[in-house]
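To start, the structure under review is shown below, and the notes come after it.
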Amino acid sequence: MCAKQQQTLLPTRAAHGRLHRNRDAVAWPFSTLCRVSGPTLFQMTFTAALWVAVFGKCGPPPAIPNALPASDVNRTDFESHTTLKYECLPGYGRGISRMMVYCKPSGEWEISVSCAKKHCRNPGYLDNGYVNGETITFGSQIEFSCQEGFILVGSSTSSCEVRGKGVAWSNPFPECVIVKCGPPPDISNGKHSGTEDFYPYNHGISYTCDPGFRLVGSPFIGCTVVNKTVPVWSSSPPTCEKIICSQPNILHGVIVSGYKATYTHRDSVRLACLNGTVLRGRHVIECQGNGNWSSLPTCEFDCDLPPAIVNGYYTSMVYSKITLVTYECDKGYRLVGKAIISCSFSKWKGTAPQCKALCQKPEVGNGTLSDEKDQYVESENVTIQCDSGFAMLGSQSISCSESGTWYPEVPRCEQEASEDLKPALTGNKTMQYVPNSHDVKMALEIYKLTLEVELLQLQIQKEKHTEAH
């Protein structure tokens, strides 16, 4: 009997005689039910009733971030296996959770609730402006701004807030509208190209002056902004001032009609030349719209072009009453004659010089020159005289050619043969007259040179004969 009651009514003994809650079992202190008295049995019965009351109870609904129970908010305890539904706070949405809590038999709440901030729609791009913000979730704020030259029309901020069952931006998105300048300023004696009442940012206009006036300053101004949004014209407009030409000043020239102390646009004068000069250009000139005279003439001494020279050139300088021309020669040529000629009263005075080629001094060994100089000019002749005991091989007279070389070639002075060797030069037998082999060799060399000279002379004569015919 005692064993049966122990199996049916009593839980397992608790260690150290204390009451414990351990999942689905409760234990309290007693040794056996075989020997119980009345008070002891009452105590055991009360404890069993208390165990039934405590086991499986959950406390108030748990506090979950951004969520609240859908019902039974004020209850403080719930039976085991109780299920409570939760709802997300406004501005938050459920994820993949079941959105409920469950009271487990152990008296603990099992939570399956998750709420996250909802997203407002992406604001996208703002034409001609900027959208700044870190997130677009519930509670966040974005700011709007415009590029330079544009004005923000609408609110500069918008917040993601609750709207009905969802979230939306608190303010409509603004626009960036281009700024416009008013009419450009007018100018005296001129006008601008604008025809509108208002001109958008970066739009420009140009100014022109009336006839007889010229523009001072930049002809262009544009619509711009200060502080990024205040429209202003970029600069002050130009001005138009009356066109004035200075007195025409022409060397050797004079105004014969139309003289004024001040000349304005389209005024004209007639000019003439003095001192025997001739007018080159138009006699009548006009004050132009740019403040300059139309092509000014010149008064020149009416000489033809100075004569050109071969292998040389000239430079000219015009003075008050005379024109001077200076001649110079190319490299390798020397000026022969006066280097300067002049034009006065339409006539050249003096003869143009010549540029003649330069030949270097001929080098002749064992001989002398008829005229010794470091350089010789074209067509200049030189005669060569061989020293005593030397015979000339070549032409005695040579001339400086236009190419700067001597013609014919510079001759040579060779040592004459002795009396004993003269028969060798005439072609006679030599061995009976020559004392030794050295003299024989020299005689043969001299004879060879003589033949070469004679051959050269024959060729020259032949060429001259050919040129003559």
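Our numbering is plain: 1 for the first residue shown, then up by one each step along the chain.
Glycine is no exception: its Cβ is also placed from the backbone N, Cα and C atoms.
In the three-state DSSP scheme, CYS103 (disulfide bond) is classed as strand. Under a cutoff of 8 A between CB atoms, and with a sequence separation of 6+ in the same chain, the neighbours of CYS103 (disulfide bond) are GLY56, CYS58, PHE78, GLU79, SER80, HIS81, THR82, THR83, LEU84, TRP109, GLU110. The feature disulfide bond is assigned by Swiss-Prot to CYS58-CYS103 (among others).
All protein chains included, CYS115 (disulfide bond) registers 21 other Cβ atoms within 10 Å of its own Cβ. Taken from Swiss-Prot, the feature disulfide bond covers CYS88-CYS115 (among others), and the record attributes it to sequence analysis.
Residues or ranges marked as disulfide bond by Swiss-Prot on the basis of sequence analysis: CYS120-CYS160 (among others). In the three-state DSSP assignment, the secondary structure recorded for CYS160 (disulfide bond) is strand.
The disulfide bond annotation in Swiss-Prot covers CYS146-CYS176 (among others), and the record cites sequence analysis as its basis. All protein chains considered, the CB of CYS146 (disulfide bond) has 23 other CB atoms within 10 Å.
For CYS181-CYS223 (among others), the entry in Swiss-Prot reads disulfide bond. Within the same chain, residues at least 6 positions away in sequence whose Cβ sits under 8 Å from that of CYS181 (disulfide bond) are PHE198, TYR199, PRO200, TYR201, HIS203, CYS223, PRO231, VAL232, TRP233. Secondary structure at CYS181 (disulfide bond), taken from DSSP and collapsed to helix, strand or coil, is strand.
In the three-state DSSP assignment, the secondary structure recorded for CYS209 (disulfide bond) is strand. Residues annotated as disulfide bond in Swiss-Prot: CYS209-CYS240 (among others).
Per Swiss-Prot, domain 'Sushi 4' is recorded for 243-301.
Look at Swiss-Prot and you will find CYS245-CYS287 (among others) tagged as disulfide bond, backed by sequence analysis. Taking a C-beta cut-off of under 8 Å and a sequence gap of six or more, CYS245 (disulfide bond) has these contacts in its own chain: TYR263, THR264, ASP267, CYS287, GLN288, GLY291, ASN292, TRP293.
According to Swiss-Prot, the disulfide bond annotation covers CYS273-CYS299 (among others). Within 10 Å of the C-beta atom of CYS299 (disulfide bond) sit 21 other C-beta atoms, taking all shown protein chains into account.
The annotation domain 'Sushi 5' is assigned in Swiss-Prot to 302-357 on the grounds of sequence analysis.
If you look up Swiss-Prot, you'll see CYS303-CYS343 (among others) marked as disulfide bond, on the strength of sequence analysis. Around CYS303 (disulfide bond), the C-beta neighbours below 8 angstroms that are at least 6 residues distant in the chain are THR323, CYS343, SER346, LYS347, TRP348.
Residues within less than 8 Å, Cβ to Cβ, of CYS355 (disulfide bond) and separated from it by at least 6 positions along the same chain comprise ILE309, VAL310, ASN311, GLY312, TYR327, CYS329, ASP330, TYR333, ARG334, LEU335, VAL336. If you look up Swiss-Prot, you'll see CYS329-CYS355 (among others) marked as disulfide bond, on the strength of sequence analysis.
The annotation domain 'Sushi 6' is assigned in Swiss-Prot to 358-415 on the grounds of sequence analysis.
Mapped onto three states, the DSSP output places CYS400 (disulfide bond) in strand. Sequence-distant neighbours of CYS400 (disulfide bond) (same chain, six or more apart, CB under 8 Å from its CB) are ALA357, LEU358, CYS359, TYR376, VAL377, GLU378, SER379, GLU380, ASN381, VAL382, TRP406, listed in sequence order. Summarising the annotation, Swiss-Prot assigns disulfide bond to CYS359-CYS400 (among others) and lists sequence analysis as the type of evidence.
In this structure, CYS413 (disulfide bond) is part of a beta strand by DSSP. Non-local contacts of CYS413 (disulfide bond) by the CB criterion (under 8 A, 6+ apart in sequence, same chain) comprise VAL364, GLY365, ASN366, GLY367, ILE384, CYS386, ASP387, PHE390, ALA391, MET392, LEU393. For CYS386-CYS413 (among others), the entry in Swiss-Prot reads disulfide bond, with the evidence type sequence analysis.
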Is it possible to list how many residues within the domain 'Sushi 5' (302-357) are helical, extended or coil according to DSSP?
0 helix, 30 strand, 26 coil
Check each residue in the chain of CYS160 (disulfide bond) that is at least six apart in sequence and keep those whose C-beta is under 8 Å from its C-beta; list them in sequence order.
HIS119, CYS120, ILE136, THR137, PHE138, GLY139, SER140, GLN141, VAL167, ALA168, TRP169, SER170
If you count Cβ atoms within 10 Å of the Cβ of CYS287 (disulfide bond), leaving out that atom itself, what do you get?
24
May I ask which residues of the same chain, at least 6 positions away in sequence, place their Cβ under 8 angstroms from the Cβ of CYS240 (disulfide bond)?
ILE187, SER188, ASN189, GLY190, CYS209, ASP210, PHE213, ARG214, LEU215, VAL216
By Cβ count within 10 Å, point out the most packed of the disulfide-bonded residues listed: CYS58, CYS88, CYS176, CYS273.
CYS58
How many Å separate the Cα atoms of CYS273 (disulfide bond) and CYS115 (disulfide bond)?
106
Can you give me the Cα-Cα distance between CYS146 (disulfide bond) and CYS115 (disulfide bond) in Å, rounded to a whole number?
36
